[in-house]
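Novice: Relevant sequence annotations retrieved from TrEMBL are reproduced here:
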{"type": "REGION", "residues": "9-58", "note": "region 'Disordered'"}
{"type": "TRANSMEM", "residues": "67-91", "note": "transmembrane segment"}
{"type": "TRANSMEM", "residues": "207-229", "note": "transmembrane segment"}
{"type": "TRANSMEM", "residues": "264-280", "note": "transmembrane segment"}
{"type": "TRANSMEM", "residues": "287-304", "note": "transmembrane segment"}
{"type": "TRANSMEM", "residues": "310-327", "note": "transmembrane segment"}
{"type": "TRANSMEM", "residues": "334-351", "note": "transmembrane segment"}
{"type": "TRANSMEM", "residues": "357-374", "note": "transmembrane segment"}
{"type": "TRANSMEM", "residues": "386-406", "note": "transmembrane segment"}
{"type": "TRANSMEM", "residues": "451-475", "note": "transmembrane segment"}
{"type": "TRANSMEM", "residues": "509-527", "note": "transmembrane segment"}
Amino acid sequence: MVAFYRWRGKPRQRPASATMAGKKRKTSQVLQEKHGINGNGATQKAGHRTGKHNKVDAGQDSSVDSWYIVLALAIAVTISYVHGSHIAYMFESDKHFSHMSTLEREMSFRTEMGLYYSYFKTMTEAPTFLAGLSMLVYDNVTEFPLTINTLKRFNLYPELTLGAAYRVFDGVMGALGIPTQQCWQVNRGADLAPVPSCEGMGDLAYFYTNCVFFLNGLLMGLFFLYGAYLSGSLVGGGVATAAFFYNHGEATRVQWTPPLRESFAYPFLVLQMALVTWTLRSHRAGVHHLLAIAAATTCFVLPWQFAQFALMTQTLSVFAVYALRFASACKVKVVLRGQLLGFSIAFVLLFGNEMLLTSFFLPVLLTVMAIVAMEPVLERALARPLVWLVQAAVLLTGTLGIKTLAGRLLAITDDAHIGNIFRSKFSDYKDFHTMLYTCAREFDFLELETGIVLCKTLLIPTVAVVLLAIAVHLVKDVHSHCKGTEAVADGDDEDEDAGVVRSRVSAAVLYNVVQLCAFALMAVMVMRLKLFLTPQLCLVASLIASRDLLAAVAGPRARHYAVVAALVAVMSFAGVENLRAQWAIRGEFANYPLEEMLEWIKTRTPPPAVFAGAMPTMAAVKLSTGRAIVNHPHYEDAGLRARTRLVYSLYSRRPVADVSRALRSLRVDFAVLEDSWCTRRTKPGCSMPEIWDLEDAEHRGKPPVCSLLRTNPEPHFKTAFKNRVYTVLHVLHV
């Protein structure tokens, strides 16, 4: 924060005794005086006073900056409160959460959300915190009969932290005698029995979701400060915030799915990117930058198994800025070492999760660190085009080499399905596990509709203007280089930016633009990843208020900001309509068939019973009944994928005896069969029997097992429970 307001003031001046040596220094000085560019690409303020008047100016600047800090923080706090209230309101409107029973609230956390929430419930219901921690580390309920470390496998530090926080909160409130929830009976209609419902922070689900909304409220305050820092103006922060709100449905889904890992991880990614931006813009990068980046990286990696992909793109983006000579090796080393330290801490806290070692992030990071260390040799021995060629070759071969070597040494295949998913997008390759992903809408290519929505709110056109301005400045820099008047810093004993190109496009700005390109590529490949793209578009849009980039075109500051205000006003036409569409969503969660089955399981089956079935349903069974399950929705483990394939043979065309034998090998007592999974087809080739036909050609044309079991399950199964959606089959030991 302090760095932002220092950056707003007068740039640091060299000592009067500093001498000029060589043509590069003279060229740099002339261009800086001509264009008013300081060492970080920021425009200097005209009219610097000298002598004793500097002391007066310093005092005035300090006073102004203090008020500026107070104003910025006040705006950030207000935005945080508004956004937290906004997402909480939409969540309540969508589900009528306040009037749901405990069981209904648990059922509303579908698929992996229910799995994650179950561990928060475990932490809060355990006799002690240490007992709850032991139940997470030594869990034999989630993948029965195996005992697994769920804290290592499922990135459960959010649930561990919130579980500890709830225990403290409940204990303190209880000791003070302060009530934390209010309960009543909710009448659900003539056909359904009334249910008890509680509201308040003392309720587990309320505590959990409100903490998520509080964290993501803070995200928007940080987002405003990030946009303001990047653009050098509070107006830019306002543009970024307004763009985020106006495109809220394309930027986040926390209001619909609070327990997902991204709800906890993404705020820390924004913080980490802001710290990288701060480091690249600082006059000198030091240990405090490194430690800050490391802390944010740790907090980002711990909650989310996909953090590695975002960090990989960040490393490549920083490397691109370095390769183009916009950032010094010293600053890049600080960023890379911060990433490595944070990654190492997360690796230890995740009990040595092997997927982190075999991810693409670590090979890219180590290779880039090696390339930066090679700078003195490459710069002396080769011309710039050859340097780029060597760097690209080392990056490619080093990354693939380390990745392949790590995979073979550790014999880890947990992330093999990720490569197959991308392979299937550009070829006719298909297999069972790949189809389970690609048949889901969120793993498809980015829809054209998303681009249309972002154009209607003028987000993409605004970013296009910013990118055009950046391109113009870069072309001018290239032209200057070709004429032999390139502005390059030679540095002195206190300046680490020796050999760095001077431009109105600073390293911080260029990093954010390259990061935008990387996120755009990710989102185009996998629609779910637009949660990275849209917010980054909003951040880059804040540069529309940058005086460094657009002062020459926009004219005086007042006129520039008036144009920006008009732009936001035009954005509001489509943006407010988007908000109204979200506010108009009214729903009331109900899933009586699932509720009926879960109640039957709790009351009519023995506690040691073991269940198998569709992954989303198994998460609900574990959460609400406490029964052991053999498969679940966290699909990033090779062993779990093999188990799920055996369970899903219920929807294949194999002989019933083979299916029964597969379930008995997993020691399953009850199998949950869902009628819709027999016939549901999101798109051609995506029904479960069709997916099985890919690998089970010998049984094509036969009726699916699920159809046979609905009418005549014996002698291998026996119907134990049935309603219009679910059939629970008792697996018989024939």
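Keep in mind that glycine also has a Cβ here, set from the backbone N, Cα and C atoms.
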Novice: The transmembrane segment (334-351): which same-chain residues, six or more beyond its ends, come within Cβ distance under 8 Å?
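Specialist: Distal contacts: 137, 149, 151-152, 155, 157, 275-276, 279-280, 285-286, 289-298, 300-302, 311, 314-315, 318, 357, 361-362, 365, 368-369, 372.
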Novice: May I ask which of the stretches 287-304, 357-374, 386-406, 509-527 has the most CB pairs under 8 A with the transmembrane segment (451-475)?
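Specialist: Comparing 287-304, 357-374, 386-406, 509-527: 509-527 has the most Cβ pairs near the transmembrane segment (451-475).
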Novice: So which residues does the transmembrane segment (264-280) touch in its own chain, when a touch means Cβ under 8 Å and the partner is 6 or more beyond its ends?
Specialist: 3-4, 158, 212, 215-216, 218-219, 222-223, 225-226, 229-230, 252, 289, 292-293, 296-297, 299-300, 303-304, 307, 310, 314, 318, 321, 327, 331, 334-335, 338, 506-508, 511-512, 515, 531, 535
Novice: At a threshold of under 8 Å on Cβ distances, which of 207-229, 287-304, 310-327, 357-374 pairs most often with the transmembrane segment (509-527)?
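Specialist: Maximum Cβ contact count belongs to 310-327.
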Novice: Residues sitting near the transmembrane segment (310-327): Cβ under 8 Å, six or more positions beyond its termini, same chain?
Specialist: 269, 272-273, 276, 280, 297, 300-301, 335-336, 339, 343, 359-361, 364-365, 368, 371-372, 388, 391, 395, 488, 499-501, 503, 505-507, 510-511, 514-515, 518-519, 522, 532
